[in-house]
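Sequence annotations record features per position, and here TrEMBL assigns transmembrane segment to A:6-28, A:49-67, A:110-128, A:168-195, A:207-231, A:237-261, A:268-286, A:298-316.
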Amino acid sequence: MEVLGIGLALLVLFVGFGVLIGILFGFFGMGGSFLVTPALIVMGYPTRVAVGSGLAFVFGTSVIGALRHRSLGQVDYKLAALMTVSVTAGIEAGKTVVLTLESMGLADTVISVAYVGLLGLVGAFVVYDSRGSSDDEDADAADDEESPGLFSGIRLPPMVSLMGAPSVSLWVILTVGLVVGVLAGFLGVGGGFLLMPAMMYGFGVPAAVAVGTDILQITISGGVGSFLYAQSGGVDLSIVAPLLAGSALGARIGTAATSLVDEDGIKIYFGLMLVGGAVAVAVRQVGNNYGLDVLNTVSLVIIVGSAVLVSGAVVYNSVRELRHRRVEQQQSSA
Amino acid sequence: MFGIEALSGSMQAVVLVGLVLSEAIALYVGYGGLVRLVGPTVVNALGGE
């Protein structure tokens, strides 16, 4: 039986995987796309389709995020507009590289290697950050007060004044946007993991403004990227629609869990999951090189399994906390 | 599938992005209503009530 042009089993897999990704994104606030493109590559989709569909998924997810945050929105529209110009150029460049590599038969290998590096680096950083996070609370509080921004020392005119931050060189903003755009166009990721620290620590923008501007920026770049990839047949709606349906539900669960469970206790597993994603892509590449099909299955099991474990930990701890609170409530009213 | 294959490349891309946008809005509204409707019951059930 086919629904949306794919078999029912695959549809259920995509919806289920979407729920897991949504829980992780809703809870940790990042990584919505980190596992989608690698999973599609591991499943044997052409690189162009994996990256393009990953970007379309990022677009859909960020639209929902933007709708949820619209009332809280502190957005620096000038920064968002400048970023959009450079991010769009970067996406176009990234897409051109992917299509060129595809015509040379190298896209799969190069993007797999890039993903191993990206997931490994970000995963290792999250693990490192989670181990030191409890010690850093005082430092974080100090950072929140007012930070001049690492890039504010670069006074290359013209300078642009930003909301709640010192002025930043236009060229620095455009360069950051270009790097994020290339990553989005090349790997199908939203780039929030790069944009947020760049805006907060690089430009000195307050966290609330960075969150609002980040989500608007990812929505725009996701939309532009989806359009550019869709032009060359790189967006498969039979992948994106069920993934999005699952992730929108999962994100609500993950967001609700943030009020019940302390992120720091689970963050280390999120980091390990990203490292697991890097291992999975590497395993799959080794399998391809040596003609070992079984390694494809192993790598898919690693990706889906680690997502199940970490999102399962979020849900399990939330339910446990919910029950604990209920017992406390009953005891205090007795 | 979805009846958009006959469209030109750019028009097909616009329709695809529009479909993803429409689905996202529909999911936001739909799940929002669902959470309001059954959310408290589910939370109570999970809490062991």
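Here the Cβ of each residue, glycine as well, is placed from N, Cα and C on the backbone.
TrEMBL labels come from automatic prediction, so no person has curated them.
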### Query
Where else in the chain does the transmembrane segment (A:298-316) make close Cβ contacts, counting only residues six or more beyond its ends and a cut-off under 8 Å?
17, 19-21, 23-24, 27, 35, 38-39, 42-43, 250, 253-254, 257, 261, 266, 269-270, 272-273, 276-277, 279-281, 283-284, 287
### Query
In terms of Cβ proximity under 8 Å, which residues at least six beyond the ends of the transmembrane segment (A:168-195) contact it?
30-34, 36-37, 50-55, 58, 61-62, 79, 82-98, 111, 114-115, 118, 122, 149, 151-152, 154-160, 162, 202-204, 210, 214-215, 217-218, 221-222, 225, 228
### Query
Per the 3+ Cβ pairs under 8 Å rule, pairs at least 6 apart in sequence, do the transmembrane segment (A:268-286) and the transmembrane segment (A:110-128) touch?
yes
### Message
Which sequence-distant residues neighbour the transmembrane segment (A:207-231)? Criterion: at least 6 residues beyond either end, Cβ under 8 Å.
### Response
48, 51-52, 55-56, 58-63, 65-66, 69, 72-77, 79-80, 83-84, 87-88, 91-92, 95, 144, 162-165, 180-181, 184-185, 188, 190-192, 195-196, 199-200
## Note on the structure
Contact set of the transmembrane segment (A:49-67) with the rest of its chain, CB cutoff 8 A exclusive, min separation 6+ beyond the ends, reads 22, 25, 32-33, 36-37, 40-41, 95, 98, 111, 184-190, 215-216, 218-219, 222-223, 225-226, 229-230, 232-237, 239-240, 243-244, 247-248, 251
#### Entry: Intrachain neighbours beyond the transmembrane segment (A:237-261), with Cβ under 8 angstroms and 6 or more residues off its ends
4-6, 11, 14-28, 32, 36, 40, 45, 49, 53, 56-57, 60-61, 64-65, 68, 311, 314-315, 317-318, 321-322
